[in-house]
Amino acid sequence: MWRAARLGRGVALGLLLTVHAVAAFEPITVGIAIGAASALTGYLSYKDIYCRFAECCREEQRLNASALKLELEEKLFGQHLATEVILKALTGFKNNKNPKKPLTLSLHGWAGTGKNFVSQIVAENLHSKGLKSNFVHLFVSTLHFPHEQQIKLYQDQLQGWIRGNVSACANSVFIFDEMDKLHPGVIDAIKPFLDYYEQVDGVSYRKAIFIFLSNAGGDLITKIALDFWRAGRKREDIQLKDLEPVLSVGVFNNKHSGLWHSGLIDRNLIDYFIPFLPLEYRHVKMCIRAEMRARGSVIDEDIVTRVAEEMTFFPKSEKIYSDKGCKTVQSRLDFH
């Protein structure tokens, strides 16, 4: 009896190894092997085993809030508002088993302040493969929606892409980069999916997440940050209420925001407008150190200072903020 059980486990292990070996070649063979392994072991379901070798959409997967918090605090520099709001928004949304609408975040600020970096961190914390996941979808305005005369086509395509992907995975993530380069009206095609509907044409979008990335509003954010600095107040004293109303109105009235007179704002369908503050000299040095660590290099403070001093800062009189944030740190570090 013991030998038979041992033999069964051995055969099951062999079949599981077979699954791993053939997974890249023939789905039918994978299914047969998984089914046989399940029958022999008696406790592994088809989905349990299949998901060990292929990416699955796990609708009940919980967010590790502690891991997300640690990653944001250790890797995102100078953005206390973004860290706080994104953590609270994602944690609250993922802990709600019955959200009334999808979570929609709009990230604003100059290039190099961390918007794309944050979207990558969020994607990786929601789906293990991050931006490479089948359930994370990145749209770039200049690539996917380049021609103004084809707005109607883009609207139809966008609705089809989102409908199909949410049908396949309810907790899909959609990231729209370069919103400030998106032709007005395109994004309004997704308005029905962001609204408080239980279903739209038989599909529920309530567990999906939409993230917009935009340079629009960077001037408004900088003005308020500069006002705080000139008044002798710390940037950490800036609160969301100081910026969010200004941002929402500013991008709504900005023809180059991608959200100009958008129903998404008019209907209050964007849950948070998240400001990314312009980065100071000290934050640029933090970025340089982080890049050196990522490369496995020893932190050389002389190099850190030299690279930071090569960057240009504004306004001309005070030279407080890096005009490219940390965007060119990698390329500049290559010369040292």
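The backbone N, Cα and C atoms fix where each Cβ goes, and this holds for glycine too.
Curation plays no part in TrEMBL annotations; they are all automatic predictions.
Here is what TrEMBL says about this protein:
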BINDING   G109, W110, A111, G112, T113, G114, K115, N116  ATP binding site
DOMAIN    279-335  domain 'Torsin-1A C-terminal'
SIGNAL    1-24  signal peptide
Which chain neighbours of the ATP site, leaving out G109, W110, A111, G112, T113, G114, K115, N116, have a Cβ atom within 8 Å of the mean position of the site's Cβ atoms? F117, N215, F276, G325, K327
With every protein chain in view, how many other Cβ atoms are within 10 Å of the Cβ of N116 (ATP binding site)? 18
Please identify which of T113, G114 has the densest Cβ environment, defined as other Cβ atoms within 10 Å, among these binding-site residues. T113
Summarise the domain 'Torsin-1A C-terminal' (279-335) by DSSP state, stating how many residues are helix, strand and coil. 29 helix, 5 strand, 23 coil
Summarise the model confidence on the domain 'Torsin-1A C-terminal' (279-335) as a single mean pLDDT, whole number. 95
Least Cβ-packed of the binding-site residues G109, G112 (other Cβ atoms within 10 Å) is G112
By the count of other Cβ atoms within 10 Å, pick out the sparsest of the binding-site residues W110, A111, K115. A111
